[in-house]
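Listed in Swiss-Prot for this protein:
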SITE      54  site 'Part of a proton relay during catalysis'
BINDING   55, 213  pyruvate binding site
SITE      118  site 'Part of a proton relay during catalysis'
ACT_SITE  144  active site, proton donor/acceptor
ACT_SITE  172  active site, schiff-base intermediate with substrate
C-alpha cells in the first residue's frame with residue numbers, strides 16, 4: 001500500500017486504540033482473549049489499531065511474538081480497520097530489518113516508529129534514524145514522539161524536516177498543546193497529527209488535528225466518538241463538556257504506570273487480559289480499588 005493510499009485509509013481513523021497484549025498466568029500471550037476484546041472495540045468506535053506499541057508492552061515482546069500478534073489480529077479484523085504495527089527500536093539496523101519484514105506481510109497499513117531511547121541521539125541522529133526506517137521499505141511510517149518515556153524529544157523543526165520524506169505520513173505526538181498547534185499549522189495538510197495523550201484528544205481535534213491514538217478508548221470509545229462528532233458539528237461547548245466528564249477516568253488510567261491500570265479495568269470487565277511482564281507489575285489491591293471506583297461502570 002502506498003503512502004497516499006494509507007493516508008486516505010487513515011482519514012476515517014480518528015480514534016485509534018493502542019491495543020494491550022493479553023497474557024496468561026505463565027506469561028505467554030493469551031491469543032484467545034483477542035477476539036472478544038477486538039470485536040467490542042470495533043463496536044465502540046475504534047477506527048484503527050496500534051499493535052506492539054507501548055500499551056502492548058513492546059519492550060518485553062520478541063519480534064516473533066509481535067509477528068504472531070499481527071497475524072492473529074489481522075485474522076480477526078479482516079480488513080475492517082487499519083492496522084499499524086510498532087516497528088521502531090533504539091537500534092536503527094534492527095528497526096530497518098524489522099520494518100522490511102513487516103512490510104512483506106502485506107496486511108499492515110503503516111509502521112509506528114518511536115524516537116530512539118537510551119542512546120540520546122542528536123536531532124541529526126534522530127532524523128537519520130527515521131529516514132533509514134522510512135526508506136527501507138514501502139511501508140508508510142508514523143513518527144512517535146514521546147519524550148516522557150524515551151527522554152529525547154523530536155523537536156518540531158526535525159518533525160517538519162521528516163515530513164518532507166514521502167513515506168512519513170503522520171505523527172503520534174505526546175508533548176503539549178503548543179507543539180500540537182504549531183505542527184497542525186505548519187505541516188502539510190495531508191500529514192496526519194494524532195495526540196498520544198488521551199487528555200489532549202479534545203484539544204487536538206479542536207485545533208484541527210486528526211484525532212487520538214488512545215489507551216482510554218479500550219473503555220471510552222463511545223465518549224471519544226461523541227466528543228469528536230460535536231467538534232465536527234461546531235458544538236465546542238458540548239464537546240468540552242464530554243471532555244470534562246471523562247477526564248477523571250482518563251487520569252485514573254494513568255495514575256500508575258500504563259498499561260497496568262487499563263489491564264486492571266479490562267480484567268474487571270471480564271476480558272482476561274491478565275497481568276504484565278516484568279519489569280512492569282500489576283496494580284496493587286489498593287491502587288486497583290481506587291482506579292475501579294473512579295472508572296465506575
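Each residue, glycine too, has its Cβ placed from N, Cα and C.
Keep in mind the model is a prediction, meaning the values are calculated, not measured.
Annotation for the recorded positions 55, 118, 144, 172: lowest Cβ count within 10 Å of the residue's own Cβ, 118. For residue 54 (site 'Part of a proton relay during catalysis'), other Cβ atoms within 10 Å of its Cβ number 23. The Cβ of residue 213 (pyruvate binding site) has 32 neighbouring Cβ atoms from other residues within 10 Å, across all protein chains displayed. Across the structure, the residue listed as 'active site, schiff-base intermediate with substrate' and residue 118 (site 'Part of a proton relay during catalysis') are spaced 19 Å apart at their Cα atoms.
The residue listed as 'active site, proton donor/acceptor' carries a strand DSSP state (E or B). Cα-Cα distance from residue 213 (pyruvate binding site) to residue 144 (active site, proton donor/acceptor): 10 Å (rounded to the nearest whole number). For residue 144 (active site, proton donor/acceptor) paired with residue 54 (site 'Part of a proton relay during catalysis'), the C-alpha to C-alpha distance reads 10 Å.
Counting only the Cα atoms, the space from residue 54 (site 'Part of a proton relay during catalysis') to residue 118 (site 'Part of a proton relay during catalysis') is about 15 angstrom. When the alpha carbons of residue 118 (site 'Part of a proton relay during catalysis') and residue 55 (pyruvate binding site) are compared, the span between them is 19 angstrom.
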